[in-house]
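Features of the protein shown, as given by TrEMBL:
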- 20-37: transmembrane segment (TRANSMEM)
- 44-64: transmembrane segment (TRANSMEM)
- 70-91: transmembrane segment (TRANSMEM)
- 112-135: transmembrane segment (TRANSMEM)
- 147-171: transmembrane segment (TRANSMEM)
- 212-232: transmembrane segment (TRANSMEM)
- 541-560: transmembrane segment (TRANSMEM)
- 593-619: transmembrane segment (TRANSMEM)
- 640-659: transmembrane segment (TRANSMEM)
- 671-697: transmembrane segment (TRANSMEM)
Amino acid sequence: MQVLSDRTTNIRASVRDTQFELMLAIALVVMIIYLFLRNVPATIIPGVAVPLSLVGTFAVMVFLDFSINNLTLMALTIATGFVVDDAIVVIENISRYIEKGEKPLAAALKGAGEIGFTIISLTFSLIAVLIPLLFMGDIVGRLFREFAVTLAVAILISAVVSLTLTPMMCARMLSHESLRKQNRFSRASERFFERVIAVYGRWLSRVLNHPWLTLGVALSTLALSIILWVFIPKGFFPIQDNGIIQGTLQAPQSVSFASMAERQRQVASIILKDPAVESLTSFVGVDGTNPALNSARLQINLKPLDERDDRVQTVISRLQQAVDGVPGVALYLQPTQDLTIDTTVSRTQYQFTLQANSLEALSTWVPPLLSRLQAQPQLADVSSDWQDKGLAAYIKVDRDSASRLGISMADVDNALYNAFGQRLISTIYTQATQYRVVLEQDTEATPGLAALENIRLTSSDGGIVPLTAIATVEQRFTPLSVNHLDQFPVTTISFNVPDNYSLGEAVEAILAAEQSLDFPTDIRTQFQGSSLAFQSALGSTVWLVVAAVVAMYIVLGVLYESFIHPITILSTLPTAGVGALLALWLAGSELDVIAIIGIILLIGIVKKNAIMMIDFALAAEREQGMPPREAIYQACLLRFRPILMTTFAALLGALPLMLSTGVGAELRRPLGIGMVGGLMLSQVLTLFTTPVIYLLFDRLSLHLKRRFPRQEEEA
């Protein structure tokens, strides 16, 4: 006995790979903390925030009945770079006061109190970005609800840890002597960071002297984001390599069961010769997933990834080329996916349906549409389940002649059933088992309509009468099956997307072909399955991003009690969008649902830089009376190191996802690519654009106050 297919093997391998990426992300984040802080106790303190936040998240996941799966593990991997951000900001601020000579306890209280509002702003603005994900509709929203909740819980717990445990550990574990104790590496890295900050300060002064040029760069990133968003190829979910290929073998509509079975065996023998194929399962016959006799199903199990050289798409292309030499068959292959929303079995990955009031309308319009779609380079493996060329034999009995011979219609039916109906006439019993005896005419000796010439009937006087003496036989075309949707006849056109095209381009090609044919009003068209969900997701994507921005603006507006400062913070978003879209384009990835989730997360990450700058600038203006330019300049220099630390922590948390190569890596990679690309570009640009925009909005605010002064209330 052999196991035909075990999907759990791939699921376990994918979960193991994601767990490894989670541990690698934790190690990278702790490493970057040590490189910046150069102190073991100071590294341990934010490092503790990672396991505590993850363990607390697991507890909430158990309460909410979540499971450990690809999406929740992906959320935890991303959270690794998020949860240390708050602790880094807190410990960096406390360390600054300890280095100035204050006692650890006083420094912890003062530093945590000073940075508390910043932590709250960072946390709630980041959670606000995830709120639209919780309200996504359709099946896509249900898939990503666990992802969003898991990430939001981890971020919230990390904020609690950073405002409670982190200051306590700083007061107990840090001291002026421990922070001043340096080795050769610490001294060298300290000098390096001081030089970097000095260079940044000089460049920042130049940028502040040319604000309109910097503003032009910021506006250019906004325009470039829109252009890239429009023109980048768009998809639904990445195509995964799970080692399983589903296949459909199509033969002429008039094929017999025996002929179909022989062709199936011939194709199976060719497929099994491929070096990447481990096993194959196939079946022929009509059932719930196979509506017609002229089609057969195959399931091809590939060898594990580490035992084969080619990915699944390359194997599919090679198998199709090998089977092309078999006459009279067409092979359609598609890789099995972990994340799928299709509810029906199809030849290919995507479907498009035509629905009409009558079969005649479908028979008129399906062939021209099918021929146009097959000519489109954006589509591959285009086929239709409309099969109206099945052969049927119609027997017309001359009732008068039959009546003269004493032959009834029941006699004709009985004779036909004896010949072709597989009548059970006896059972042979043995000691071990039993065998059924089936009556059937030898159709191999006389195939086709000639088999009807051998049928004999018995007349009323006992004579033998050929069936052809009282009946004529006519061969006609007939539909093999008629599918219905909402009680109306429907046909499904199935298609795949070639490697050098995207699903968005394929959808546009189908819509263009439909418009060129000018269908009558009784023909209704609609995408189905993944292609329908893609259209729905594509239409809601822009609104999802807008909703994330609006939610964050509302939260920041409430926290800062200002209309202006949230806009300054949100001005960092276009740089992240440009970086993410450019990274996806350079990597050859589509803008799919996973990549869009990464861009939404970027919206929450990159604004941290602006929040840390603006909080300290506002505090310097209020408490020290600094002018706005000097306040934002000092804030940028003061927060330069924690900004670098938090950005690199988030970047290294996403890096294992971008570099993943194991089972199911295709699903995780777009998230990592988008986040790493967005963080790299936004890190460089926001350090200069944010202070410029802060000063411009500060001048605008003063101008508005002078022009529209508030009327003072009389005492």
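Cβ atoms here come from the backbone N, Cα and C positions, even for glycine.
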Can you see whether the transmembrane segment (147-171) and the transmembrane segment (212-232) are touching - at least 3 CB pairs under 8 angstroms, only pairs 6 or more apart in sequence?
no
Are the transmembrane segment (671-697) and the transmembrane segment (541-560) close enough that 3 or more Cβ pairs fall under 8 Å, when only pairs 6 or more apart in sequence count?
no
Among 20-37, 44-64, 212-232, 593-619, point out the range having the most Cβ pairs under 8 angstroms from the transmembrane segment (112-135).
593-619
